[in-house]
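Trainee: Not my notes, these are from TrEMBL:
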| type | residues | note |
| --- | --- | --- |
| ACT_SITE | 130 | active site, proton acceptor |
| BINDING | 88, 138, 293 | substrate binding site |
| BINDING | 165, 167, 254 | divalent metal cation binding site |
| DOMAIN | 28-307 | domain 'Histone deacetylase' |
């Protein structure tokens, strides 16, 4: 088969180790990059040095008071819980720098797509989809997804946001639920008491944005095959209805088997297959990270997605790299599909698919 070379931009951060401090895992971002590098993929990517976001760029979505508050704590130690900080979003030294780094990386990636020089841009540091205008939530301090979409909207009239994370992409949906210029699609776990609690079937947007929010609420235990099937079926209809000119994919990996969330049974193959389905549309596509708290499996997953985007083969075994011991005992790329009971009956999946497609056809 003839290899089609597609131009893929990849954002490089000089302070990747510092960004690790703000994710509730050890060295996650560093591990992802080290594995991509050790697999020899960097030579196929166009490496783009990150530029931190400016205050005014962050203010395109976030309130100045909220940003000011984080700025104040960037160098300080004491801490309180206004603006949603505290339990799952502790304020730490360096917080504002981290926000500028992550948001800058997603904005930079979006700018690469706006230039028309690249088909795909990747920022594995991004994907923090829960942050609101003046509210931190679920480990998300700034909503780089929203900022990237706003950047894409300067060049592309209609942007489709696709969220594959275990959790509902509530911050992004909230930001755009009143407009028909950005359509949001989220497939996620939706169970009583599970964060953030939004994203039911009836959650479809309002005003001009009525029916421009699409949600697929799943129960525990979904496996690759039905996950990819429901994604591709519904996304087909989404594409027909909305006719997007650019796409943002949030590829959160917390639905993988062996994730501490212990919810879905997915493997990197399922997530990568969804990404491949979307890339066949040949639209400018931004790929972001997101959740995922078993760092070795997150690295396996995002390295596989990167290789598949490039149409490159991965080695059978994990290559020698700085974090090699973390990949034991198997030291290979496989994440086995979980055996947790799949609570999504065929009838349930059929009925939610039909409801969503019915909504889209109106």
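Counting begins at 1 with the first residue displayed.
Backbone N, Cα and C atoms are what each Cβ position is placed from, and that goes for glycine too.
What TrEMBL says about a protein is an automatic prediction, not a curated fact.
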Trainee: Could you check which of the binding-site residues (138, 165, 167) sits closest to residue 130 (active site, proton acceptor), going Cα to Cα?
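Mentor: Going through 138, 165, 167 one by one, the Cα closest to that of residue 130 (active site, proton acceptor) is 138.
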Trainee: Which state, by DSSP, holds residue 254 (divalent metal cation binding site): helix, strand or coil?
Mentor: coil
Trainee: Look at each of the binding-site residues, 88, 138, 165, 167, 293, and point out the one with the fewest other Cβ atoms around it within 10 Å.
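Mentor: Comparing Cβ neighbour counts within 10 Å for the binding-site residues 88, 138, 165, 167, 293 gives 88.
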Trainee: In angstrom units, rounded to an integer, how far apart are the Cα atoms of residue 88 (substrate binding site) and residue 165 (divalent metal cation binding site)?
Mentor: 17
Trainee: Considering only the binding-site residues 165, 167, 254, which residue has the minimal Cα-Cα separation from residue 138 (substrate binding site)?
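Mentor: So, spelling it out, the nearest of the binding-site residues is 167.
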Trainee: Determine the most Cβ-crowded residue among the recorded positions 130, 254, using a 10 Å radius around each Cβ and all protein chains in the structure.
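Mentor: Sorting the candidates by Cβ neighbours within 10 Å, the top entry is 130.
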Trainee: Where residue 293 (substrate binding site) and residue 254 (divalent metal cation binding site) are concerned, what is their Cα separation in Å, rounded?
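Mentor: Approximately 6 Å lies between the Cα of residue 293 (substrate binding site) and that of residue 254 (divalent metal cation binding site).
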Trainee: Three states by DSSP: which one describes residue 293 (substrate binding site)?
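Mentor: Reduced to three states, the DSSP call for residue 293 (substrate binding site) is coil.
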Trainee: In the same chain, which residues outside the set 88, 138, 293 have their CB within 8 A of the centroid of the CB atoms that define the substrate site?
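Mentor: Apart from the listed residues, the neighbours are 24, 139, 195, 291.
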